[in-house]
Amino acid sequence: MSENFRSKAITQGVQRSPNRAMLRAVGFQDADFTKAIVGVANGYSTITPCNMGINQLAQRAEAGINTAGAKPQIFGTITISDGISMGTEGMKYSLVSREVIADSIETVCNGQSLDGVIAIGGCDKNMPGAMIAIARINIPAIFVYGGTIKPGHYNGKDLTVVSSFEAVGEYSAGKIDENELLAVERNACPGAGSCGGMYTANTMSSAFEALGMSLPYSSTMAAEDDEKADSTEESAKVLVEAIRHQLLPRQIITRKSIENAISVIMAVGGSTNAVLHFLAIARAAGVELNLDDFETIRGRVPVLCDLKPSGRYVATDLHKAGGIPQVMKMLLVHGLLHGDCMTITGKTIAEVLADIPEEPSPNQDVIRPWNNPMYAQGHLAILKGNLATEGAVAKITGVKNPVITGPAKVFESEEDCLDAILAGKIKAGDVIVIRYEGPKGGPGMREMLAPTSAIIGAGLGDSVGLITDGRFSGGTYGMVVGHVAPEAAVGGAIALVQEGDSITIDAHARSLQLNISDEELTRRRANWQPRPPRYTTGILAKYAKLVASSSVGAVTDLDLFNK
C-alpha cells in the first residue's frame, strides 16, 4: 500500500517528472517514490552545548527512518542560546526564536509535502517552537530531545550553569574571590546537553513525554549517553508506524493530555516558561487553555521531585530514579492523570505505565514518596491584582517569606537593575520592578536570570521581591513574579509604579498589589503616554507589532486581521 499520503503531490504522475529529477539528485531511487517522505528537523548548532550533539542524533533518526521503510529528508532549523545571550540585547531574540522555529518547520513540512516529521531540539525555545509547528500542521510527528547535560563538579558539589550566574553575585558581594569565580566557570558545563536542572529545556522535554509526543524515558536521558542515540533511532521507527496508521498530533495533543503535561510540570517543579509555552501550544492545537487552568491544576498536584533550581538534584539523577514514567505512574494511581490519552506509540498512557511501580524506589530521594512530597501543592502560581489584572506567574514553593510588602525600586531595563544589585543599592525588604521588558516592550520578553542570580548570590533571595513584565529563566528561584500582564508597553499598571510606592506580593493569597488608591491609579493612567517603538525595522519590529499578551502565550497569530 502506498504510504506517501502527502508527498505523492510531488512524486506521482507525468507532470511531476521534474520534481522527481531533483529528488533523484539527493539520493531517491525508483522504489522511493511510493514511500513516505519523513522530515528530520535538525536543530544542530555549535552555538550552544544544548544543540552540539544533535547532528549525530539526526543521523540516527535518518537510519531509523530508512530501516522502517520510509525516506528521510534532513533540514535545518535555528537555535538561540538562552544562557549565552542572557543579560544582553541578544536575549530579546530568544522568545522570538520560538516563532521562527515554528514557522520554519511549518514552512518546510508544508512546502515540501512531507508525510511526517521528527523534530530534534535542545535549547529552551526548540521544544515549544517545534511543538507549535507540529500542532499547526497536524501531520504524524514525534519530538526528540537532544538530551540533558551531565552535572559539573567542583569542591565536592554538583554544578550547573546557574551556579556560574550565582557565583557572579557571590563575587560582587565579596563572598568568593576571582579564583573561585573562575573555578566555577570552568567546571559548570562539562560537555554537550541542555542545562541540567529542572530548568526550561528539561521541563519542556518532560512535559512532552507526559503529553505523549515523545517516547517514555527519553526526556531525561543525558545527551552524551548511548541510550539517547538509540532512543532517537527508535523514535524514528515509531514515527513511521504512526504515518502508516495516520496517528495525528491533534489526536494526541488534547485538552486532557495538556492537563497531563501541566500536572507533570507541577510534580517535577518545572519552569515558569512552561506556562507561556503551553498556552501557545494549546492555541496551535485548537485547545482552549487559560491561566486559571494552571492554577486549578497547581492546587491539586504536589511537588514530588527534589530538583534544581530550588532543590538538590539534576535531570540525570531523576532519570536514574525512574524518570518521568515513575512520576506519571504516581499521579495516575492517585487520579491526577488521564490514563486514556493516546501516545505516539499507539498505546494509551495507562498502557505505557502498566508495569511501572506505584511508588518510587526507597533507595533514592530524588522522587519523594506520595505521602512525603516536597510540597503538598504545585509551585507555579497565577497571581492577580491591580498590578496584574490579566495575571502573572510566580514560583511560590520554597520561599521563606511568602508575603513581602516593601518599597518599589523601579528600573526601565534589566541592565539598570543588575548594575544596582551589583553596586549594593538593593536592600532587604525592597521590591524590584523591571518593566518595559514584556513581549511588545522589550520586545521579546527577556529572561531575568542575571539579576535574580545576583540577588541570590548577594544573600538577598529570601528578603527581596522582584516583579517584571519580562520572563524568568527556568534556573530562577526566590520571591519573583514574571509575565505581568498587561505589560508596561500597552499601559499596564506596572508602567504606573513610581519609585518608593508600596507593593505587596502575597504568595498565599496569590495576589500582586500596588498599594495606592484606585483614584491615584486612575490619575496616573490618564497621564501615561506610550513609548515609541524601540525598533522600526527587522524581526524585532515585526514581532513587537504582532505579538499578543503573555497571558495568552505571547503568540504572533492572534486576531491578525483585526490589527
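Yeah, the Cβs are placed from backbone N, Cα and C, and that goes for glycine too.
As given in Swiss-Prot:
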ACT_SITE  Ser473  active site, proton acceptor
BINDING   Cys50, Cys123, Cys195  [2Fe-2S] cluster binding site
BINDING   Asp82, Asp124, Lys125, Glu447  Mg(2+) binding site
MOD_RES   Lys125  N6-carboxylysine
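Mapped onto three states, the DSSP output places Asp82 (Mg(2+) binding site) in helix. Counting every protein chain shown, the Cβ of Asp124 (Mg(2+) binding site) has 33 other Cβ atoms within 10 Å. Within 8 Å of the Cβ centroid of the [2Fe-2S] cluster site, not counting the listed residues Cys50, Cys123, Cys195, the chain contributes Thr48, Pro49, Asn51, Ser81, Asp82, Gly83, Gly122, Asp124, Ile149, Gly193, Ser194, Ala201. Cβ neighbours within 10 Å of Lys125 (Mg(2+) binding site), excluding its own Cβ and spanning all shown chains: 27.
Sitting within 8 Å of the Cβ centre of Asp82, Asp124, Lys125, Glu447, and not among those site residues for Mg(2+), are the Cβ atoms of Ile80, Met91, Ser94, Leu95, Cys123, Thr200, Asn273, Ser473. Neighbour count (other Cβ atoms within 10 Å of the Cβ, all protein chains): 31 for Glu447 (Mg(2+) binding site). Taking the Cβ of Cys123 ([2Fe-2S] cluster binding site) as centre and 10 Å as the limit, one finds 30 other Cβ atoms among all the protein chains shown.
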